[in-house]
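Visitor: Dropping a structure here in structure tokens format, bear with me for questions.
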Ligand code: PHE
């Protein structure tokens, strides 16, 4: 018994994790905030009706995002293991809940495949912005510049591999010295840059129209498909339903207040999305762009916006640097899922796990990098690989993972264990709140996600 206790506690001591409260917050927020806020949120909001979409997204964040995120972090911290092992040891023997973690690993590869390509465009744009080659107030010029990048297979691949090497390098340094140290430095810079840009955009002539697009709802735009898109965005944004938050939860400190940290992360994440919307939509209207332009929105509007303002060159470099920063924190957390599983379950050394993940990703990811060029006509279910991986992860794997997690916590793990875990073994007085949360996790969230998935996918 004593022998076993000593082994367990020294194994826990040896495991790398986040070292300070601010570090926990920076890394978790670093995972949530990313291209989802600056690239996906604006273009999806633009394409799906503006404010009404925003409203559905907010509801999804509260009713689905919050309970799932708290559950994941809680399970990770309770088990202190990777996403697969955590569910293996928390679940009764023989029950296959660990599949949530396994599908999480799959989702990590799918997401990272297209995510690293968007990040590749962002990193490329940092350098192009510095050189001034993409700066033009003529939308035709900025669209052509973006189209040229996407259609160039060599550039697309090389930038993607460059991004992968960069992220791999940080991951090699470990959890506290890599992920935590880097996000702690970068997140404050990100907030500062975004505020500067938001203020600048609000001073543009067309600002009012952009704001009213973002804040006046048009309920006729809400369809079952739009609701699923909004919910998928909530999963994607909060990095939930695929094991990232289980993994990060396992690095949380024991005295960290999980519900409060989750609320803070959600609030800050929303704030960043709103700031990104405020920086982009006024500009879109001011320059007569189409708000429903799709994934290329950020890459063609932003350069045009900056081209026509004083010190635009500097602002544009700042914008893409900040987007690169946001993407970095998120990519670290996506890759940490497979890396930690390889280390935790298969006993592979961290450097080998990182290397193996990168190689596999370079292979799978290249199908997304080439989706705009050599593989443009290669389609499954009518979608190229880039769009397919995006849809499958946000609309299938993550919501299904969310349902499974809620069912596990609500029906298998149970209230007593949840209360113990979320009150830090009785140190926090939050019983009333936890009872309400448990009810939502047990009934509301899983049912809601199921309904949205089935209707959004056209089952009824
Ligand atoms: N939340 C990240 C973003 O918004 C993306 C992400 C998805 C990160 C899933 C981790 C896991 O960009």
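Using the three backbone atoms N, Cα and C, a Cβ is placed for every residue, glycine included.
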Visitor: Would you mind telling me which of 76-95, 96-115 TrEMBL tags as transmembrane segment?
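Guide: Transmembrane segment, as annotated by TrEMBL, spans 96-115.
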Visitor: Which one of 21-39, 116-134 shows up in TrEMBL as transmembrane segment?
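Guide: The listed stretch tagged transmembrane segment in TrEMBL is 21-39.
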Visitor: Given the ranges 396-415, 416-435, which one is assigned the annotation transmembrane segment in TrEMBL?
Guide: 396-415
Visitor: Is the count of Cβ pairs under 8 Å between the transmembrane segment (96-115) and the transmembrane segment (270-289), pairs 6 or more apart in sequence, 3 or more?
Guide: no
Visitor: Decide whether the stretches the transmembrane segment (21-39) and the transmembrane segment (224-249) have at least 3 CB pairs under 8 angstroms, with pairs required to be 6 or more apart in sequence.
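Guide: Per Cβ check, the transmembrane segment (21-39) touches the transmembrane segment (224-249).
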Visitor: What stretch in 158-175, 224-249, 396-415 has the biggest tally of Cβ pairs under 8 Å against the transmembrane segment (353-376)?
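Guide: Out of the listed stretches, 158-175 contacts the transmembrane segment (353-376) most.
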Visitor: For the transmembrane segment (396-415) against the transmembrane segment (270-289), do we get 3 or more Cβ-Cβ pairs below 8 Å once near-sequence pairs (under 6 apart) are dropped?
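Guide: Taking Cβ pairs at least 6 residues apart, the transmembrane segment (270-289) and the transmembrane segment (396-415) are not in contact, as fewer than 3 fall under 8 Å.
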Visitor: I'm a bit unsure how to read this: which one of 51-75, 158-175, 187-204, 309-332 has the highest number of Cβ pairs shorter than 8 Å with the transmembrane segment (224-249)?
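Guide: That would be 51-75.
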